[in-house]
Amino acid sequence: MEYYTSKEVAEWLKSIGLEKYIEQFSQNNIEGRHLNHLTLPLLKDLGIENTAKGKQFLKQRDYLREFPRPCILRFIACNGQTRAVQSRGDYQKTLAIALKKFSLEDASKFIVCVSQSSRIKLITEEEFKQICFNSSSPERDRLIIVPKEKPCPSFEDLRRSWEIELAQPAALSSQSSLSPKLSSVLPTSTQKRSVRSNNAKPFESYQRPPSELINSRISDFFPDHQPKLLEKTISNSLRRNLSIRTSQGHNLGNFGQEILPRSSRRARPSELVCPLSSLRISVAEDVNRLPRIDRGFDPPLTVSSTQRISRPPSLQKSITMVGVEPLYQSNGNEKSSKYNVFSESAHGNHQVLSFSPGSSPSFIEQPSPISPTSTTSEDTNTLEEDTDDQSIKWIRGALIGSGSFGQVYLGMNASSGELMAVKQVILDSVSESKDRHAKLLDALAGEIALLQELSHEHIVQYLGSNLNSDHLNIFLEYVPGGSVAGLLTMYGSFEETLVKNFIKQTLKGLEYLHSRGIVHRDIKGANILVDNKGKIKISDFGISKKLELNSTSTKTGGARPSFQGSSFWMAPEVVKQTMHTEKTDIWSLGCLVIEMLTSKHPYPNCDQMQAIFRIGENILPEFPSNISSSAIDFLEKTFAIDCNLRPTASELLSHPFVS
């Protein structure tokens with residue numbers, strides 16, 4: 001009763017023979033939460049002046065409070081199965097009935113939760129009553145049963161909940177406007193109480209929901225922006241998609257302005273607003289902001305890349321759009337450009353970060369004239385003018401992860417509606433250490449240079465980048481789902497069949513990288529993304545390195561390789577700092593297999609220093625005891641102490657474990 005809407009109150013009045021008072025109750029927006037506070041004097045104000053009718057109302061109300069009408073709830077458990085259960089609001093009794101329908105026992109070992117877009121919310125008994133007796137609550141159809149010891153739904157249960165949520169209309173919060181007289185009498189807590197709870201706890205592992213769910217709940221994922229702006233973006237994306245289908249290609253252009261909430265723009269420090277051609281001068285001369293980099297490159301590291309005009313057909317399906325199909329089509333006429341990561345400055349022999357004119361990333365960012373808080377035609381006009389602007393405006397959404405050097409946010413191209421993962425690195429956070437700052441910029445420049453070259457179905461696609469006075473943004477393909485490490489944390493170890501599938505895809509990505517002379521150097525579960533259809537994407541190239549083909553630097557007498565990577569996944573030659581080759585990734589791949597099979601990193605009983613010592617002493621990680629002979633042979637080959645004896649990624653693709 002307490003959670004009845006005004007419409008349900010009207011239906012109840014009709015059922016007890018008081019339908020003549022429905023209009024007066026509706027005019028005063030009387031809902032279930034108000035019924036307990038109604039007395040005979042207040043009922044007279046609502047038109048029930050007859051004392052006998054008033055007493056009849058109070059008697060029926062008390063009966064309704066003691067014996068509420070049953071509702072139908074749908075529970076999800078056991079790998080996406082659903083069961084309908086009738087409930088009168090008793091949490092424990094309802095849970096016991098639901099568990100019995102799923103052939104589960106001991107209600108004390110289970111609890112109930114719901115998914116709300118990208119979040120999971122555990123349900124208390126009071127919140128359970130709210131859901132039961134609020135007929136407009138969308139959570140009634142997707143209550144998830146989870147173990148109390150590990151209160152996290154399985155992937156199948158979560159997928160089923162998302163499917164149901166996608167089919168539901170967005171829940172509307174009920175806004176009451178009571179008459180002044182009733183407002184002065186009823187308790188404030190009763191007037192303002194909200195039916196839906198907003199205390200949803202985000203996923204600890206930064207879940208990446210599918211684009212369809214983001215589209216249907218877009219305000220949840222871009223909470224700082226006004227819904228009208230987001231709706232306009234989706235509308236524009238549909239219109240632009242229709243026009244682009246008739247053209248031969250689409251120019252991604254330069255990423256520039258971030259559309260900021262009005263409050264953020266007011267407090268925003270001054271930013272670099274300059275054409276790309278002047279950026280070399282601006283950055284090179286500002287030696288106080290960008291410290292010199294001790295490591296030099298002679299000649300400067302130069303990488304061929306292409307303007308982000310088009311994308312290979314094999315990657316068209318990987319682009320995630322909000323409400324539209326992929327925009328990028330190959331026209332076969334890509335123009336090449338040079339991306340100079342380092343150049344000589346006028347300040348001695350030291351190198352500073354700079355970018356040549358015409359390179360694909362545009363390190364420009366400025367506040368947008370669009371006001372997310374405005375409801376005037378300004379919102380409508382500004383987005384339509386984007387076609388004349390060479391830089392692309394984008395909208396920052398929710399936090400979805402962390403990388404080697406910064407946090408990763410959900411982003412959206414304000415013109416096309418394309419979803420992106422935006423790796424954002426705050427430059428000011430390392431200003432206290434010039435040496436660390438220099439290394440950061442060095443690594444980021446290297447990451448961008450590598451990413452520009454890559455185009456493969458199992459590699460996260462680079463889209464662009466920009467720079468302003470306080471942070472660097474790297475725009476990457478949005479991969480719905482999550483990392484292998486996050487899935488292991490939530491669901492436990494993988495079956496060997498699934499491991500084979502994931503490792504085979506990872507090997508294809510490594511084969512592509514190694515064929516281009518690139519060593520990832522940080523293969524681990526946290527850097528392997530899995531989309532919601534099971535496709536693997538290798539990510540986070542923050543410490544990757546491009547090898548010089550036929551170089552002697554990895555042999556005796558060459559430059560000493562750096563100590564880079566995650567300790568538990570390091571190969572012996574990395575720990576000993578003797579060489580870095582593509583075989584380093586093969587050792588880490590073996591560690592990834594163990595991680596997937598056990599849901600723990602290699603050397604689980606060691607801390608980082610102990611693990612490094614054991615690796616340096618050529619002590620192999622312990623193999624899981626219940627794996628197949630082909631898995632054992634695969635691991636033995638990847639863990640060859642002599643890196644020259646380890647097979648290549650191409651050779652491992654023909655191994656029985658994955659073939």
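Just so you know, glycine gets a Cβ as well, placed from its N, Cα and C.
Taken from Swiss-Prot, the feature active site, proton acceptor covers D522. When other Cβ atoms within 10 Å of the Cβ of D522 (active site, proton acceptor) are tallied across all protein chains shown, the result is 23. When secondary structure is read from DSSP and collapsed to three states, D522 (active site, proton acceptor) falls in the coil class.
Under the DSSP three-state reduction, V408 (ATP binding site) is assigned to strand. The annotation ATP binding site is assigned in Swiss-Prot to I400, G401, S402, G403, S404, F405, G406, Q407, V408, K423 on the grounds of sequence analysis.
The compositional bias 'Low complexity' feature in Swiss-Prot is assigned to 180-190 (among others).
Positions annotated as compositional bias 'Polar residues' by Swiss-Prot: 354-365.
As annotated by Swiss-Prot, compositional bias 'Low complexity' applies to 367-380 (among others).
Mean pLDDT for the domain 'SAM' (4-67) in the predicted structure: 79. Sequence annotations record features per position, and here Swiss-Prot assigns domain 'SAM' to 4-67.
According to Swiss-Prot, the feature domain 'Protein kinase' maps to 394-658.
Swiss-Prot lists 180-209 (among others) with the feature region 'Disordered'.
According to Swiss-Prot, the feature region 'Disordered' maps to 354-387 (among others).
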Secondary structure composition of the domain 'SAM' (4-67) [DSSP: H/G/I, E/B, coil]: 45 helix, 0 strand, 19 coil
Fewest other C-beta atoms within 10 angstroms, as judged across I400, V408, which are the binding-site residues: V408
Neighbour count (Cβ, 10 Å) for G406 (ATP binding site): 21
Rounded inter-Cα distance in Å - V408 (ATP binding site), D522 (active site, proton acceptor): 18
